[in-house]
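Peer 1: The active site, proton acceptor annotation in Swiss-Prot covers D23. The annotation active site, proton donor is assigned in Swiss-Prot to H51. Sequence annotations record features per position, and here Swiss-Prot assigns GTP binding site to 22-28, 50-52, R315, 341-343, 423-425 based on sequence analysis. For D23, E24, G25, K26, N48, A49, G50, H51, T139, R153, Q234, T249, R313, the entry in Swiss-Prot reads IMP binding site, with the evidence type sequence analysis. Taken from Swiss-Prot, the feature Mg(2+) binding site covers D23, G50. Summarising the annotation, Swiss-Prot assigns substrate binding site to A309, T310, T311, G312, R313, K314, R315.
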Amino acid sequence: MESPSFSKPVQSATVIVGTQFGDEGKGKLVDYLSDKYDIVVRYQGGANAGHTICFDNKTIVLHLLPSGIFHEGCVCVIGNGVVIDPAALLDEIRKVEELGYEVKGRLFISHNAHLIMPYHKRLDSLHEDAQGDQKIGTTGRGIGPSYEDKFARKGIRVVDLLNPEVLQEKLRDNLAAKNKLLKTIYEKEEFDIDAMVKEYAEFDKIIDPYVTNTQLYLNRQLKAGKTVLLEGAQGCLLDVDHGTYPYVTSSNPTSGGACTGSGIAPNYIGKVIGICKAYMTRVGNGAFPSELSDETGERLGQIGHEFGATTGRKRRCGWIDLVALRYSLAVNGVTEIALTKLDVLDTFEEISVCTSYMLDGKEIQDFPTDHQTLSRVTPVFKTMKGWKATNADARTFDEMRPEARNYVTFLEEELQVPVTFISVGPGRDETVFR
C-alpha cells in the first residue's frame with residue numbers, strides 16, 4: 001500500500017515569468033507580491049533588463065536587485081544563474097540605501113554567480129558592431145560574453161573576489177586571451193592587466209558581507225516553511241533554448257531556469273505566474289508577427305512609454321499574439337496569468353488580437369521558434385470593440401468596463417488559463433484581482 005505522505009507535494013515557491021519578449025511589467029507584480037513572501041530571488045540575466053516600480057510618486061528601475069528590496073521584511077537573493085557587474089550592483093545598492101532602505105542583512109548573493117568584467121562589455125559591443133545587418137540587438141552590457149566564459153569554464157565568479165590569489169590568476173589568464181583578441185581581431189587597445197587586478201581586488205571587503213551559498217540557504221529556508229518568490233528577467237520568447245533563436249538572450253528566463261538559476265529543488269515550485277501585456281512589444285531585432293508598423297503601433301508606443309528601461313531604445317509594438325502566448329504558457333507550465341498595461345488600450349476604438357498565423361497558404365496554431373519560419377508567417381486577427389474609458393478606479397472585475405471585461409474573458413477562453421491579476425494603471429493600487 002502506498003504511504004499517505006508518498007505523493008504529498010512540497011510547494012512553497014512561486015515563479016514569475018515573462019511570457020512574451022520581455023518588458024511585460026514583472027516589476028509591478030513582484031513589488032506587489034514581495035510583502036507576501038519571505039524571500040525574493042532573481043535567478044537569471046544581468047543588468048540587461050530593468051524592472052520598473054512605481055510607488056509614493058516615484059519611479060524606480062532596478063537592474064540587478066530583486067524588486068523585494070523595497071519591502072523591509074523581505075530577504076532578497078541574487079542567484080547563481082545571474083551574471084553580475086560588481087560596480088553596477090554596488091551602485092544600485094547605494095541608490096536604494098539613499099532612498100532609506102536597509103540592504104545589509106537583507107541581501108544575499110550566490111558565491112557561484114559569474115561576473116561581468118570590463119572586457120565582456122567591450123567585446124559585446126565590438127562583436128555586435130561587426131554583425132552589420134545581422135545584429136542581434138544586444139544591450140552591450142556584457143551579458144552574452146560573460147555567459148560564454150561561464151559555459152567555456154573560464155568565467156570569474158563572485159567567490160573569486162574573496163580569494164585574491166585565485167582572482168589574480170584567473171584575471172591574468174583571461175586577459176591574456178581577451179587582449180590578444182582585442183589586438184589581433186578588432187585592432188583595439190588592450191586592457192591593463194595590473195590595473196584591473198588592483199581594481200577588482202578592492203571589491204573583496206565591500207561585497208563579502210553579502211556572499212553566501214544561496215543554494216543551501218534557499219533549500220533550508222524552504223524546508224523550514226519559508227515562502228519564496230522567484231523573478232526572472234526578459235521573457236520566454238527570448239529564452240536561449242525556447243525562444244526565437246538566434247534573436248534571444250543568453251540565459252533561461254523560463255520557469256525551468258528558476259530551478260537551475262537558484263538551486264531550488266523543482267518539487268518546491270507550486271505556482272507559475274505568467275505575465276503578459278495586453279498588447280505586445282519587442283526591443284531589438286527578430287521576427288514579430290503581430291507588429292504594427294503604422295500609426296497604431298506608434299500610438300501604442302507613445303501611450304505605453306515603450307522605451308527600454310536599460311538602454312532607452314524604442315520598443316516595437318503590436319497587438320497581443322495568442323499563438324505565441326499559448327506556446328509560452330505550455331513551456332512554462334503557467335498556472336495563472338497576470339495581465340499588465342490594460343490601461344494603454346483605454347483610448348482605442350477597436351482592439352485586435354492575433355489568434356492564428358498563415359504560413360504558405362495554411363492556417364496554423366503552433367508557434368514556430370525558428371526565426372526563418374517565424375519571419376514568413378502573417379497574423380490572423382480578430383477585432384473587438386474598445387472600451388474608450390479608464391478602468392483605473394476599478395478594484396474588482398465587475399467594476400471594469402463591459403468591453404474590457406469581454407477582452408479579458410476572451411483571452412482566458414482562448415488560452416485556457418485564468419487571468420487573476422489585471423493592471424489598470426501604473427500605480428501599486430491600480431490593480432484588479434480575481
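Cβ atoms here come from the backbone N, Cα and C positions, even for glycine.
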Peer 1: On a count of neighbouring CB atoms within 10 A, which of the binding-site residues K28, K314, R315 is highest?
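Peer 2: It comes out as K28.
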Peer 1: Looking only at Cβ atoms, how many others are within 10 Å of the one on G312 (substrate binding site)?
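Peer 2: Summing over all protein chains shown, G312 (substrate binding site) has 7 other Cβ atoms within 10 Å.
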Peer 1: Relative to the Cα of R313 (IMP binding site), which of the binding-site residues G22, K28, V424 has the closest Cα?
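Peer 2: Of all the candidates listed, G22 is nearest in space.
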Peer 1: Excluding near sequence neighbours, so keeping only residues 6 or more apart in the same chain, what lies with its CB under 8 A of L342 (GTP binding site)?
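Peer 2: Listed in sequence order, they are A278, N391, A404, Y407, V408, I422, S423, V424.
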Peer 1: I'd like to know which of the binding-site residues G22, G25 has the most other Cβ atoms within 10 Å of its Cβ.
Peer 2: G22
Peer 1: Spatially speaking, which of the recorded positions G22, D23, G25, K28, Q234 is closest to G312 (substrate binding site)? Use C-alpha to C-alpha, please.
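Peer 2: Its closest listed neighbour, by Cα, is D23.
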Peer 1: Cα distance, Q234 (IMP binding site) to G22 (GTP binding site), nearest Å?
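Peer 2: Spelling it out, the Cα of G22 (GTP binding site) and the Cα of Q234 (IMP binding site) are 4 Å apart.
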